[in-house]
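The next block holds one structure in the form of structure tokens; read it before the comments.
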């Protein structure tokens, strides 16, 4: 036996067999650079190489938004499951079970209340990890519950949007959530409460055509896709080449659809300033009345 076979080979074999977590490294979706997942999480899932804002979970956004990461979530109303008895390659009820198991959420919207830079606020965050953040009856009812909570607490409502649109498994029931959520926004308007929307990537379909576009202030993360139909569908329909950056945050800001494009790290401070100004204006208006 030699030194090579007695020591080196077993050592190499042990190194190769050592368990390495599957999620130790993450590749940037934009530039392709590899980075440690823990480092990415410390940077709020923004690529340190190119600044690309990667997809975040609802709970991560709540932690980044509220002061000290402290907030209280509310229990959302229970809605009938699978009203149409829908089945394609898989039963809708089974898809919901899988989504709840993987995301540890009951629906694609999480509602919480707490403080943002000292300002009381209600925050509703859409969860792309739950069926791509699609909107069904339960999400519509959850949004209305967020509006009611804001009115009850006399607090502003901040909504982070991230959605693939209406949930096809619920058919017309899903489409009816567009006017349903609009009624929720009207409740805020009647109470004179600020309603701020933060667009994240992607915000599309029925969500973009309803409550997402009704904010008093529209903020967007950089390069977020904000659209009803995607650019490929539009290009195939009109048979013309679309402008560079079409339907992205910066393009929409230039054309008046978005007020501010802000980096993720800037959002808490920005929201705190905006909500503070708007709530002071409400106080002055109430006193004058």
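Just so it is clear, glycine is given a Cβ too, placed from its N, Cα and C backbone atoms.
Looking up the ranges 28-50, 51-73 in Swiss-Prot, the one annotated as zinc finger turns out to be 28-50. Mean pLDDT across the domain 'CoA carboxyltransferase N-terminal' (24-289) comes to 95 in this model. Within 10 Å of the Cβ of residue 50 (Zn(2+) binding site) there are 12 other Cβ atoms, across all protein chains. Counting neighbouring Cβ atoms within 10 Å of each of the binding-site residues (28, 31, 47), the lowest count belongs to 31. Residue counts for the zinc finger (28-50) under DSSP (helix as H, G, I; strand as E, B; rest coil) come to 6 helix, 4 strand, 13 coil.
The Zn(2+) site is set by 28, 31, 47, 50; from the centre of their CB atoms, other residues of the chain with a CB within 8 Å are 29, 30, 32, 33, 48, 49, 51, 52.
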